[in-house]
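Colleague: First, the structure itself, so that you have it in front of you.
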């Protein structure tokens with residue numbers, strides 16, 4: 001991978017995020033599109049490192065009374081104090097590029113009819129080879145060294161591992177994903193009342209396992225779904241509630257889904273009207289616009 005990154009040729013900047021300290025670049029590697037996201041990492045709590053502040057160079061910007069403002073370069077080490085995290089998508093598709101390009105977000109009020117007419121066909125198109133990497137994790141042993149928990153139970157089994165957005169060091173930014181083993185659930189829209197015991201079982205395992213593995217309490221965990229999700233094989237996000245994330249408008253707490261299922265009919269979440277945010281470059285936004293124009 002290091003050699004691939006070194007062959008990256010820049011084309012354009014897709015977006016930046018001041019909160020997450022990221023910049024996402026589009027370029028090519030060996031004439032194929034590639035997306036590289038650079039993210040500045042949180043400082044490690046290393047007392048030895050901070051005895052001399054770990055500062056290499058410093059330049060004063062301004063001062064006033066007891067206050068001063070400065071910029072500096074800090075001493076870095078690839079093993080103990082790396083300066084940045086690099087995520088690579090290669091080769092990148094047009095769908096990837098649209099997703100990561102800066103775009104306005106729109107409010108969608110998705111009715112059951114909109115789901116059936118636009119989302120169901122879209123989901124079918126986004127499965128198959130597009131989620132092969134998910135099946136590699138579930139069934140082919142890929143990323144096995146990163147797995148935090150694994151159960152192959154056909155009913156409530158799942159594989160839990162760190163999300164690629166987490167540096168795997170800072171507990172404050174802890175971020176895991178639990179991917180269900182079963183193949184009949186693509187998103188929360190497939191959940192029905194009879195899935196409640198399964199969801200409760202998965203939740204309890206997460207609350208038991210994560211605090212044993214990491215220095216965090218069960219009551220500090222945010223357990224939730226995304227809708228629309230990034231990929232259509234049911235998965236659950238697990239994050240430290242102290243971590244600021246940019247997923248407002250698409251997060252739905254697992255407990256809220258369970259409660260809602262108790263009040264819905266036999267078709268469960270398929271019958272619900274869901275409000276969420278979506279980027280205007282998303283293919284579904286265009287589909288929803290067409291449905292609105294036809295009404």
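Each Cβ is built from the backbone N, Cα and C atoms, and glycine gets one as well.
Bear in mind that TrEMBL entries carry predicted annotations, made automatically and left uncurated.
Values in this document were obtained by computation on a predicted structure and should not be read as measured data.
Feature list, courtesy of TrEMBL:
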type	residues	note
ACT_SITE	235	active site, nucleophile
BINDING	133, 143, 163, 165, 226-237	substrate binding site
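Help me see these features in their spatial surroundings.
Modeller: Within 10 Å of the C-beta of residue 235 (active site, nucleophile) there are 21 other C-beta atoms, taking all protein chains into account.
Residues near residue 236 (substrate binding site) in space but far in sequence (CB under 8 A, at least 6 apart, same chain), listed by position: 158, 177, 178, 180, 202, 206, 223, 224, 225, 254.
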Colleague: So, in DSSP terms, is residue 232 (substrate binding site) helix, strand, or coil?
Modeller: coil
Colleague: Could you tell me which three-state DSSP class residue 163 (substrate binding site) falls into?
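Modeller: For residue 163 (substrate binding site) - judged by DSSP and reduced to three states - the answer is coil.
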Colleague: As a test of the contact definition, list every same-chain residue at least 6 positions from residue 230 (substrate binding site) whose Cβ is closer than 8 Å to its Cβ.
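Modeller: Same-chain residues close to residue 230 (substrate binding site) (Cβ under 8 Å, separated by 6 or more) are 99.
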Colleague: Do me a favour and check the Cα-Cα span between residue 133 (substrate binding site) and residue 235 (active site, nucleophile); whole Å is fine.
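Modeller: Residue 133 (substrate binding site) to residue 235 (active site, nucleophile), Cα-Cα distance: 14 Å.
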